[in-house]
Amino acid sequence: MLGAKMNIQVLPEHKLSSVAPLKQFNVEKKEVELILVKEQNGVQYTNSSDEVRETWGKKMDFLLSVIGFAVDLANVWRFPYLCYKNGGGAFLIPYVLFLFIAGMPLFYMELALGQYNKEGAATVWKICPIFKGVGYTVIIIALYVGFYYNVIIAWSLYYLFASLTSELPWLKCNNPWNSPNCTEPQHINGTFLGNRTPYAKYKNTPAAEFYEREVLHIHESKGINDLGLPRWELALCLILVVFILYFSLWKGVKSSGKVVYVTATMPYIVLFVLLIRGITLPGAMNGIRAYLHIDLEKLNDPQVWIDAATQIFFSLGAGFGVLIAFASYNKFENNCYRDAILTSTINCITSFFSGFAIFSVLGYMAHQHQVNIKDVATEGAGLVFIIYPEAISTLPGSTFFAIVFFIMLLTLGIDSSMGGMEAVITGLSDDFKFLKRHRKLFTFAVVFGTFLIALLCITNGGIFVLTLLDAYAAGTSILFGVLIEAIGVSWFYGVDRFSEDIERMMGFKPGIYWRVCWKFVSPAFLLVVVIASIVTSGNLRYDNYIFPRWSNMVGWSIALSSMLFVPIYAIYKLLIIPGTFKEKSSNICRIKRHIAICF
């Protein structure tokens, strides 16, 4: 809007000598509000409101929050299977390559961007206001993910409660939800299955029927156009998840920074316990050998490289605005370079380590049913809610192992969801100050809003809604968002200027390796991944159910609803700035060495 004020941030008086005169920006002085910024121990004060930005209580709070966000369910239910499917140890070649040329540089870029500017995903674009739309893009995507990600946490909670019995309910076929075709695991082997279907896809085991008929009630729905009402048991679990999220976030990083001491460390304890138990099972070594086998010929398949690229990107979690939000609460002089290397490395090692716990149990399953590893290997919900629980149910002390396993899934989900919610809350409250003044109420509105939409995902046909959101809400759109973000920082704000910002914080500039990655390699990587994501997308399906055409159109509408913020906001900024098009383009991204123009 034409009457909007512009905030010009000026460094302390002794550094003003290199600042260009205000008149060169072609704005009226009466439209300008000067805000003096002082940096004292990394905290910014303004002379207009004496506002002090909250900081992490301890450095470990920040590190655990970043690790907790990055290490999520995908580390357990996706990476091990991708590694096995794509050549085992050979898959690590493209995976590690993409980690170094794109994953780490993008991770480092977002931490440095948030820490230097001390702003959320939207207002951090004071460095180049025409790109502020991408901030809204990632905030909207983080909100969309919360709509369905919390449902998966609710499933974990439901399984946790169901595990509090002497005999796990998915062990036998004598339950009200079982179908007449239910077959108990001890009666299923390679001869029984024949060539009809892999064991992992067989739908009539007690574990498969517990998931699909008791938890999802998918048998009572004909598809996405037949949802039904929300299931009250899952609704109660979802309410509990929402309360956990709210009371973890309502006081900002002071509260969430303490919760992650449990949620970020518990998965490692549980993974270690499950690994120790897993390697003692018959057939475990066969599973681990299958996981680690090296098939270099797989590297000739372009799909392997696409899988590695998308996995490293989504695994580290760049682009959701979370890393920017978390880093904005750091002290100004914090060494975010070391943090980026440490946390991204821990994330990738966790993915690799989890494969041993998963495939030791899959080897046991293959041994029990006298089938090949490929017949029991799977990914996603089928792994953590069907195959793994079934294996646990056959062990001595099955209740104990089931409880710790679902506690692990619960904690993996909670801290990742906390990160997404924090990105939304910080991003919008930094942009709209009245939201920051009422953070507790705003936090409640965000988590309660996600609860209302999530109710669609706990109906009889809710799995179809969840699958649709998972495919479109944060697929191509988040890749597009990070591509624009990388271009905005590297080419419009400038790698040299960005490097100077880092030097002011930590006393040293990034090396040539990082600068080349930021300017050329990472944007090229993201462009290829975006194109591959679009080209490889097809009609959506869930098992044998093919989604109708209209639902795919709805999915792309969801994706576009976030991506369109980028061009719409850029056009808006160009329209409201006076002058010729050339003057507008020059003024809107002009940032001198010690001055930032915020439109």
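Think of each number as a place in line: the chain as shown, counted from 1.
Backbone N, Cα and C atoms are what each Cβ position is placed from, and that goes for glycine too.
Bear in mind that TrEMBL entries carry predicted annotations, made automatically and left uncurated.
What TrEMBL annotates here:
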type: BINDING; residues: Gly68, Ala70, Val71, Asn75, Ser315, Asn347, Leu412, Asp415, Ser416; note: Na(+) binding site
type: DISULFID; residues: Cys173-Cys182; note: disulfide bond
type: TRANSMEM; residues: 62-80; note: transmembrane segment
type: TRANSMEM; residues: 92-113; note: transmembrane segment
type: TRANSMEM; residues: 134-161; note: transmembrane segment
type: TRANSMEM; residues: 229-247; note: transmembrane segment
type: TRANSMEM; residues: 259-279; note: transmembrane segment
type: TRANSMEM; residues: 308-329; note: transmembrane segment
type: TRANSMEM; residues: 341-366; note: transmembrane segment
type: TRANSMEM; residues: 386-412; note: transmembrane segment
type: TRANSMEM; residues: 441-466; note: transmembrane segment
type: TRANSMEM; residues: 472-495; note: transmembrane segment
type: TRANSMEM; residues: 516-535; note: transmembrane segment
type: TRANSMEM; residues: 555-575; note: transmembrane segment
Remark   = The rounded CA-CA distance in Å from Ser416 (Na(+) binding site) to Cys173 (disulfide bond) is 35
Query = Which listed stretch (134-161, 259-279, 516-535) has the most C-beta pairs under 8 A with the transmembrane segment (472-495)?
reply = 516-535
Inquiry  = When you rank Gly68, Val71, Ser315, Leu412 by Cα distance to Cys182 (disulfide bond), which of the binding-site residues ends up on top as the closest?
reply    = Leu412
Ask   = At an 8 Å Cβ cut-off, counting only pairs 6 or more apart in sequence, do the transmembrane segment (555-575) and the transmembrane segment (259-279) clear the bar of 3 or more pairs?
value = no
Integer Å distance between the CA atoms belonging to Leu412 (Na(+) binding site) and Cys173 (disulfide bond) = 30
Ask   = So what sits near Leu412 (Na(+) binding site) in its own chain, CB-to-CB under 8 Å and at least six residues off in sequence?
value = Val71, Asp72, Leu73, Asn75, Val76, Pro267
Remark   = Given 134-161, 259-279, 308-329, 386-412, 441-466, the one sharing the most C-beta pairs under 8 Å with the transmembrane segment (341-366) is 259-279
Note = For the transmembrane segment (229-247), the distant same-chain contacts (Cβ-Cβ under 8 Å, at least six residues beyond its ends) come to 150-151, 153-155, 157-158, 161, 215, 217, 255, 414, 417-418, 421, 443-444, 447-448, 450-451, 454-456, 458-460, 462
Ask   = So which of 62-80, 259-279, 386-412 has the most C-beta pairs under 8 Å when paired with the transmembrane segment (134-161)?
value = 386-412
Request  = Count the Cβ pairs between the transmembrane segment (62-80) and the transmembrane segment (516-535) that lie under 8 angstroms and are 6 or more residues apart in sequence, then report whether there are at least 3.
outcome  = no
Ask   = Sequence-remote contacts (6 or more beyond its ends) of the transmembrane segment (516-535), Cβ cut-off under 8 Å?
value = 98, 101-102, 105-106, 109, 306, 309-310, 313, 475-476, 479-480, 482-483, 486-487, 489-491, 495, 498
